[in-house]
Amino acid sequence: QGTRDHSPAQAALRERLLGAVVSCFKRHGAAAIDTPVLELRETLMGKYGEDTKLIYELQDQGGELLALRYDLTVPFARYLAMNKVNNMKRYHIAKVYRRDNPATTRGRYREFYQCDFDIAGQFDPMIPDAECLKIVHEILSDLQLGDFVIKVNDRRILNGVFAICGVPESKFITACSTVDKLDKVPWDEVRSEMVGEKGLSPEAADRIGEYVQLHGGLELIERLLQDPKLSQNKLAKEGLGDMKLLFEYLTLFGITGKISFDLSLARGLDYYTGVIFEAVLLQQENEHVEELVGVGSVAGGGRYDGLVGMFDPKGRKVPCVGVSIGIERIFSILEQKLKASGEKLRTTETQVLVATPQKQLLAARLKLISELWDAGIKAEMLYKKDPKLLKQLQYCEDTGIPLAAIVGEQELADGVVKLRDVSTREEVRM
């Protein structure tokens with residue numbers, strides 16, 4: 001179906017993941033916003049390159065053309081324009097929809113969550129961009145998914161490469177979407193698509209190939225700044241200058257060990273205007289998760305300075321940069337890891353089970369559990385008048401509840417509760 005139900009264990013895992021992501025976003029001072037699932041069709045069209053065909057289109061009773069949101073970025077830009085907001089640091093976690101061929105083992109669905117962090121506003125170059133990359137690094141490190149690399153590039157550098165290689169400007173975006181496939185298919189296939197389907201000359205494709213297979217760090221940026229052809233292109237020179245500045249800030253953040261300046265990174269969405277980035281998990285050593293190598297990127301984003309202006313009646317621009325964490329793909333990886341390790345995941349946060357050892361004590365249980373709930377303690381009891389004590393303790397073990405509060409006739413007479421540690425079986429009266 002491309003959508004799926006989640007068992008309590010899966011829902012608990014997803015909640016744990018989302019909690020880790022939200023706490024990182026909040027740590028960086030982001031406020032939460034929300035936008036509608038439905039947008040006007042015209043709002044979404046023409047923003048996603050070749051992926052426009054994946055938008056779910058709808059129609060209301062009056063015939064107005066609508067669509068389900070494809071991502072959280074375009075609705076955010078529309079929100080900024082409609083509300084005349086000039087700067088904002090926000091996060092948004094919500095479902096998006098794509099009319100796609102699902103691949104559930106790779107975390108690819110028609111309905112799925114996105115976790116977005118964006119900084120909107122006119123600021124000095126590369127400072128917000130560097131923070132977005134720091135956030136990706138923090139989240140992927142916190143979740144302990146294994147080794148990863150964050151690839152960075154700049155649309156202006158790519159466009160400069162296309163220009164000096166003889167690609168007409170009208171074909172920049174379509175050439176971008178082809179280059180974007182380099183992480184999945186070899187250069188030969190990308191080259192034949194450029195020539196056979198996109199109409200580029202073989203010479204232009206070969207010249208592009210010399211650049212887009214380069215990757216490195218500051219030394220590569222310095223080398224390209226000295227490149228006789230590329231340094232003559234105004235856009236590319238701007239992009240390389242900003243890339244150098246970005247790497248200086250990332251060095252100060254101490255994360256350049258995980259960053260790769262990669263000219264093959266293109267990201268096929270139309271709205272990117274500057275820095276683009278994508279986080280990729282590297283091959284897992286663990287034999288249990290060998291099949292997960294094909295999961296692909298787990299986070300991506302970039303700068304989109306022209307998007308807000310498309311929705312503003314006066315064309316007022318608000319520069320923006322943002323990142324989206326691919327929570328569904330991360331979820332698929334962690335789920336496989338949990339299965340392989342045999343680790344049992346708690347599906348509730350219940351702290352204590354209220355139990356009774358004898359019959360006719362339902363009233364005592366109800367009274368005590370009410371007091372616990374009122375005190376903000378997460379508590380449960382079995383929905384049976386006279387359950388056996390063994391069955392109640394077994395329920396604690398099965399669900400991972402750490403404590404049992406036991407009230408029997410003796411405890412009631414003494415005005416105490418027997419608190420039992422389920423795993424150690426130690427008991428204290430209080």
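Counting starts with 1 at the first residue shown.
Placed from the backbone N, Cα and C atoms, the Cβ positions cover glycine too.
Features as listed in TrEMBL:
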type	residues	note
DOMAIN	1-357	domain 'Aminoacyl-transfer RNA synthetases class-II family profile'
BINDING	Asp71, Leu72, Thr73, Arg98, Gln114, Asp118, Arg267, Tyr271, Tyr272	L-histidine binding site
Fewest other Cβ within 10 angstroms of its own Cβ, chosen from the binding-site residues Thr73, Gln114, Arg267: Gln114
Densest Cβ neighbourhood among Asp71, Tyr272 (binding-site residues), 10 Å radius: Tyr272
Distance in Å spanning the most remote Cα pair of Asp71, Leu72, Thr73, Arg98, Gln114, Asp118, Arg267, Tyr271, Tyr272, given for L-histidine: 21
